[in-house]
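Per TrEMBL, transmembrane segment is recorded for 29-51, 102-123, 143-161, 200-222, 243-265, 277-295. What TrEMBL lists as domain 'G-protein coupled receptors family 1 profile' is 44-293.
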Amino acid sequence: MGKASRVNQTAVSDFFLLGLSDKPEEQPLLFGVFLGMYLVTMTGNLLIILAISSDPHLHTPMYFFLANLSLTDACFTSASIPKMLANIHTQSQTISYLGCLTQLYFLLMFGGLDNCLLAVMAYDRYVAICQPLHYSTAMSPQFCVLMLAMCWVLTNCPALMHTLLLTRVAFCAHKAIPHFYCDPSALLKLACSDTRINELMIITMGLMFLTAPLMLIVLSYVRISWAVFGISSPGGRWKAFSTCGSHLTVVLLFYGSLMGVYLLPPSTHSAERESRAAILYMVIIPMLNPFIYSLRNRDMKEALGKLFGNGKMFFLP
């Protein structure tokens, strides 16, 4: 590789996010659609957080983790969509070197935190259904805060390490990323230096953020299934499963979208396919989560009704 084709990372000023379409006539539609989805996502998750924090009846482990999941979803979406909207509005595709690394860090951290919280919520349902007599002691407020802190540490440290390792990578003159966000794999394809340690870090993070939480979720639901099918009354079985329905729906949507891309053969991978999957788990699922968790949840419906009824949301008298 010649010197002319290599650019040291300290000299890199910008990357180019190619976005979802290069057709100018489609940009207004994309801007409107994604602005609408972003506003719905932020409003829905904010309402979940406000409803849970304002209703003492929802100050339980399950809703504590749900409020944190809503906060994580809002931050996860905010790490990429505002920049995409700004680029469409200004008709620019650039993102600075520092901005790209910053975006990458927050995407990795909040994406990993999403996985971790889904696993913790599965464990919470396991304890509630399989060990109901010990639930209040096993899921004490102190233990819930400790699990949340562990999730933050376990996701922040690898995300920060991966981002710092990227600062050691030298990038070539071609700096176009075929996505609407700074994708780590796409960034490494632009490198002119050795990236083996970065690729190893991606595999390690995949095992930590995807495989390990998914295994914990599967094991929790296997135990839950055994316990539920041991209940003699159909009404009791339905009541036990109904407390897991919303969480299981979110898990299937989230991991299904990830597996639909990353477990396919490499020959089938394409920037377009990966962008569609990213839209699903970075935008659509965080937008749907508040509806999934509230529409069939009587406690959440009552809390949201009180929130609107008391005028806390719109500062009504």
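Glycine residues also receive a Cβ, built from the backbone N, Cα and C atoms like all the rest.
Bear in mind that TrEMBL entries carry predicted annotations, made automatically and left uncurated.
For the domain 'G-protein coupled receptors family 1 profile' (44-293), the model's average pLDDT works out to 87. Of the Cβ pairs linking the transmembrane segment (29-51) with the transmembrane segment (143-161) and spaced 6 or more residues apart, fewer than 3 are under 8 Å, so the two regions do not touch. Sequence-distant contacts of the transmembrane segment (102-123) (same chain, six or more residues past either end, CB-CB distance under 8 Å): 62, 65-66, 68-69, 72-73, 75-76, 79-80, 83, 95, 147-148, 151-152, 154-156, 158-160, 162-163, 166, 181-182, 184, 187, 205, 208-210, 212-214, 216-217, 220-221, 247, 250-251, 254, 282.
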